[in-house]
Amino acid sequence: METLVAIVIGILFTIGTYLILSNQMLRIILGLSILSHAVNLMIITMGGLKQGGPPLLAENTTRFTDPVPQALILTAIVINFAVTAFLLVLSYRTYKMHGTDNMDELRGNRHG
Amino acid sequence: MDKIIILPVILPLIAGLVFILLRSYIKVQRILSVVTLVAVMITSIFMMVHINQHGILTMQLGNWQAPFGIGIVADMFSTLLVLTTSIVAICCVIFAFKTIEKEREEHYFYALFLFLISGVIGSFLTGDLFNLYVFFEVLLLASYVLVTLGGKKVQLREAMKYVIINILSSILFLVGIAYMYSITGTLSFAHISVRIAEAGQDGFITTVAILFLLVFAVKAGLFLFYWLPGSYSVPPTAVSAVFAALLTKVGIYAIIRMFTLIFYHEPEITHVFIGVLAALTMILGGIGAIGYWEIEKILTYNVVIGTGFILAGLAAFTHNGLLGATYYLIHDMIIKALIFLIGGVIVYLTGTNNLKEMSGLIRTHPYLGWMFFIAALSLIGIPPLSGFIGKVFITRGTFEADLFWLGIIGLLASLLILYSIMKVFMNAFWGETLLSEEEEYGSTKGVMVAISILTFITIALGIGPEFIQPYVDTAVEALMNPQLYIDAVFGGNDIP
């Protein structure tokens, strides 16, 4: 199971990296989004994927899921949600002001 | 007594939340923000005295025993930085009273400012890797809004780059956290340190260490600083001064914390790598600083050189090197705020940021001119000002560690700073006076208070380093001896 998820994470990272390297604003944002999903998957895989156990520590249980990674990605998802929302608004505004969504044209120069 | 260490984090946070409700009462916001920051300063002074007498302060939230709960740890190194942060923040907020437009004030400027300070102080005080990430995000989100607030074309363009690069580094930070958790099964700094010391720092852990180094290098502007000059020069002066003084320092703090407490077993790989990056940073920053004619660009490249120089002290990894890094870090926070504020006033007075178009300000503004001169000397590291002592110890540390090339590059970088900053002084202050006082685009009324306080501090730190010397000694002792930190966190309990 872990191997399969690791391969999925690898594919997601590949897609995300490819999208970030393009010069269209929206593609970059989507790329960042996909990368952060890949990271969330990775955190939960690093805690160990187990089936059929609740993430609780009662005494004398032998089967349980590690609750810490779940708490971590919950926080990471919320933060990512806020940051992505901000980035989308910012990019829309930048597009409106500059009249372009091409990152090459937003490079800026000495006098810009 | 232990519980007061949470105050520096939550006081600005609560004040910021209240400010959102008090949106139209700008006077109340101004007074309350200064009161809050002074309260933080007083608390941190109390903490410093307490730590010097009784050792490192820790607090476990919800009384969960370490390493299970969320820990806040205030050792002397963090507390010194918290104190400096509060002083810089007070000066910048006073400066903002006169220089920030009403429109920005009404759009939650003070609330965002205090959220930023809360995030910075939280990053200094947290004892947990994941909370470091959370506090980074708190300060970054506040800084994203502060960069864009005002919505000018150039601001939006630079903010796009700033936000994207920082999101990317946050993603890599989470990757590092995931690896760290799978290797050690814990996220508390002290516990990670114990586990790695037990198991040994093998190749895989060293790789993760380098990943963390790259993440923090983006935040600190160590070698990966290409986003920095643009985004630090577009917001208003009070904001860019805070950014220059505090934001990169959070990254530097994180690097120093990680590589003295956790990854200290393989210094010939990790610390030499830091040294190489620091040397490249100083050279490239120096080239940037002498190459531009815009004041903001020159000053932002000086921030980059400062980062490289502080981390040269860490790369040496000797007692003297870290002593110098601590002194220089405190000095750098003060002096970068000061020089950015003065630079902002110059632009404000002349209405241009191009050095070729200004001249002779010293005749109309002698105090401003001489304070800039003092700040410039302090930045270069001329005695008896605050930059000198840090520079001496860092250089000595690098020589002791046989990293002669690093020490020599550090000294050469000082020459580049000298050239770049004297270029500003000669062009802006000397020469023919072009503008009479009536023709100027602004006045210095009300902004001199903040500049004078910071100038006074840089002189005082230079003449009387004995005042903070016992505290810096304690800080470096704890940095060189991770066991002190670990014992303080676990407080005699069994380490699982």
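Cβ coordinates come from backbone N, Cα and C, glycine included.
Per TrEMBL, the feature transmembrane segment maps to B:31-51 (among others).
Residues annotated as transmembrane segment in TrEMBL: B:71-96 (among others). Residues 5-6, 8-9, 30, 33-34, 37-38, 40-41, 44-45, 47-48, 51-52, 56-61, 109-110, 113, 117, 120-121, 124-128, 188-190, 236-239, 241-242, 245-246, 249, 253, 256-257, 326, 329-330, 333-334, 337, 341, 344, 447, 449-451, 453-454, 457, 468, 471-472, 474-476, 478-479, 484-485, 488-489 of the same chain lie 6+ residues outside the transmembrane segment (B:71-96) yet bring a C-beta within less than 8 angstroms of a C-beta in it.
Look at TrEMBL and you will find B:108-126 (among others) tagged as transmembrane segment. Panel annotation: around the transmembrane segment (B:108-126), residues 5, 8-10, 12-13, 15-17, 19-20, 23, 29-30, 33, 36-37, 40, 71-74, 78, 81-82, 85-86, 89, 92-93, 96, 100, 132, 134-143, 145-146, 149, 239, 242, 246-247, 250, 253-254 of the same chain, lying at least six beyond its termini, place a Cβ under 8 Å from a Cβ of the stretch.
The domain 'NADH:quinone oxidoreductase/Mrp antiporter transmembrane' feature in TrEMBL is assigned to B:127-416.
The transmembrane segment annotation in TrEMBL covers B:132-151 (among others).
Positions annotated as transmembrane segment by TrEMBL: B:163-183 (among others).
Tertiary proximity for the transmembrane segment (B:203-228) is limited to same-chain residues at least six positions away from its ends with a CB under 8 Å from its CB atoms, namely 136, 161-162, 165-166, 168-169, 172-173, 175-176, 179-180, 183, 196, 247-252, 254-255, 258-259, 262-263, 266, 269-270, 273-274, 277-278, 280-281, 284-285, 300, 303-304, 307-308, 311. The transmembrane segment annotation in TrEMBL covers B:203-228 (among others).
For B:269-292 (among others), the entry in TrEMBL reads transmembrane segment.
The list of residues near the transmembrane segment (B:299-319) in space but at least 6 beyond its ends in sequence, with Cβ under 8 angstroms from a Cβ of it, reads 220-222, 225, 228-229, 232-233, 240, 244, 248, 251-252, 255-256, 259-260, 264, 267, 271-272, 274-275, 277-282, 284-286, 288-289, 292, 325, 328-329, 332, 336, 339-340, 343, 379, 390-391, 393-394, 397-398, 400-401, 403, 406-407, 409-410, 413, 416-417, 420-421, 476, 480. What TrEMBL records for B:299-319 (among others) is transmembrane segment.
Annotation source TrEMBL lists transmembrane segment at B:325-349 (among others). With a cut-off of 8 Å between Cβ atoms, the residues of this chain six or more beyond the transmembrane segment (B:325-349) that come close are 77, 80-81, 84-85, 87-88, 91-92, 95, 99, 236-238, 240-242, 244-246, 249, 252-253, 256, 295-296, 299, 302-303, 306, 309-314, 358, 361, 365, 368, 371-372, 375-376, 378-379, 386-387, 389-391, 393-394, 397, 421, 424, 428, 435, 440-444, 447, 450-451, 454-455, 457-458, 461, 465, 468, 472, 475-476, 479.
For the transmembrane segment (B:370-391), the residues of the chain that approach it from at least six positions outside its boundaries are 302, 309, 313, 324-332, 334-335, 338-339, 342, 346, 362, 410, 414, 417-418, 421-422, 424-425, 428-429, 451-452, 455, 457-459, 461-463, 465, judged by C-beta separation under 8 angstroms. According to TrEMBL, the transmembrane segment annotation covers B:370-391 (among others).
Sequence annotations record features per position, and here TrEMBL assigns transmembrane segment to B:403-425 (among others).
Per TrEMBL, the feature transmembrane segment maps to B:446-464 (among others). Sequence-remote contacts of a segment are chain residues at least 6 beyond its ends whose Cβ falls under 8 Å from one of its Cβ atoms, and for the transmembrane segment (B:446-464) they are 87-88, 90-92, 94-95, 97-99, 330-331, 334-335, 337-338, 341-342, 345, 367-368, 371, 374-375, 378, 383-389.
Two recorded stretches are said to be in contact when at least 3 C-beta pairs lie under 8 angstroms, sequence spacing 6 or more; the transmembrane segment (B:132-151) and the transmembrane segment (B:31-51) fall short of this definition. Long-range contacts of the transmembrane segment (B:269-292) within the same chain, counting only residues at least 6 positions beyond its ends with a Cβ under 8 Å from a Cβ of the stretch, are 206, 209-210, 213, 217, 221-223, 225, 229, 255, 259, 263, 298, 301-305, 307-309, 311-312, 314-317, 398, 403, 405-406, 409-410, 412-413, 416-417, 419-420, 423.
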